[in-house]
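Features reported for this protein in TrEMBL:
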TRANSMEM  23-47  transmembrane segment
DOMAIN    41-287  domain 'G-protein coupled receptors family 1 profile'
TRANSMEM  59-78  transmembrane segment
TRANSMEM  98-120  transmembrane segment
TRANSMEM  132-158  transmembrane segment
TRANSMEM  205-225  transmembrane segment
TRANSMEM  237-260  transmembrane segment
TRANSMEM  272-290  transmembrane segment
Ligand SMILES: *[C@@H]1O[C@H](CO)[C@@H](O)[C@H](O)[C@H]1NC(C)=O
């Protein structure tokens, strides 16, 4: 019986964010601008860090890696969403849906671990400055980054192996603008209570756990700075408040969506916008463009490019 039913759903219909044509037009413009600006900003950061030898230090490599992941986070959802805006029927194949969920969880999971690594890097730089280069050497950085990707992949695989074989009957309408794991599970025609708990445990744990680790490390950094010089505190506070804004914008919605998947509240489909559209756009602005060394490097690059073109 189940086997027969399983083949009934071969694609999902995405409801999107709204049915109003005017709002869709506005969303189309806003998301396109955010997406393109985010990709360009992040690309600029990666290219600057990789090509400028003065930026070859753990902090900048980590920032470049964050930009690299951010491009994938927004690309996993936004291009399809933008191209769907004016389609009467927004569909995604069963395999496409699985692939999208897998990909989103890999990159978002990896990004969360990477944010912890970046906080650790700042902690060592500020609290153990004399040992910084010994602790955060190139090998350690690579090792931590590989660990971040492995954790992201494992986190995503664990959830996906449990849901790929779910039976689907006739409900294939997903009230979201991308394939969203909690909603995917809700559509299955079987008792999904345990699966939902599993997703809450896995995704909820990784978002809530990372959130607390980050907040605690920021508090540690602030206390250390404060003990050494109260004048340094206001500078550290202004840097960290930007980080904390990102962390709240990124993790708040994740924690809400994944720790609370049972009564589907209508607002939670809009929360996805924060972590797939807004944070990948804001990260470069907050982490990098406020950084003086980075701005100098970019200007240097620009002058090089301009003077190179004058040769022709
Ligand atoms: C990520 O960091 C590593 C070293 O920490 C660096 O070699 C690599 O170029 C970085 N990747 C990107 C895309 O910036």
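Cβ coordinates come from backbone N, Cα and C, glycine included.
Predicted automatically and left uncurated, TrEMBL annotations should be read as such.
Note that the coordinates shown come from a computational prediction; the quantities given were computed from them, not determined experimentally.
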- Mark yes when the transmembrane segment (98-120) and the transmembrane segment (23-47) have three or more Cβ pairs under 8 Å (sequence separation 6 or more) and no when they do not. no
- Lying 6 or more residues past either end of the transmembrane segment (272-290) yet within Cβ distance under 8 Å of it, the residues of that chain are 17, 31, 34-35, 37-38, 41-42, 44-45, 63, 66-67, 70-71, 73-74, 76-78, 104, 108, 118, 176-178, 180, 239, 242-243, 245-246, 249-250, 252-254, 257
- Message: At a C-beta cut-off of under 8 Å, are there same-chain residues at least 6 beyond the transmembrane segment (59-78) that contact it? List them, or none.
- Response: 31, 34-35, 38-39, 41-43, 45-46, 49-50, 100, 103-104, 107-108, 110-111, 114-115, 117-118, 121-122, 125, 141, 145, 177-178, 272, 275-277, 279-281, 283-284, 287-288, 294
- Outside the transmembrane segment (98-120), at least 6 residues beyond either end, the same-chain residues with a Cβ under 8 Å of its Cβ set are 59, 62-63, 65-66, 69-70, 72-73, 76-77, 80, 92, 144-145, 147-149, 151-153, 155-157, 159-160, 163-164, 178-181, 184, 203, 206-207, 210, 213-214, 217-218, 221, 243, 247, 251, 254, 275-276, 287
- What is the pLDDT of the domain 'G-protein coupled receptors family 1 profile' (41-287) when averaged and given as a whole number? 86
- Residues of the parent chain within Cβ reach of the transmembrane segment (132-158), under 8 Å, 6 or more residues beyond its termini: 58, 61-62, 65, 101-103, 105-114, 117, 120-121, 124-125, 202-203, 206
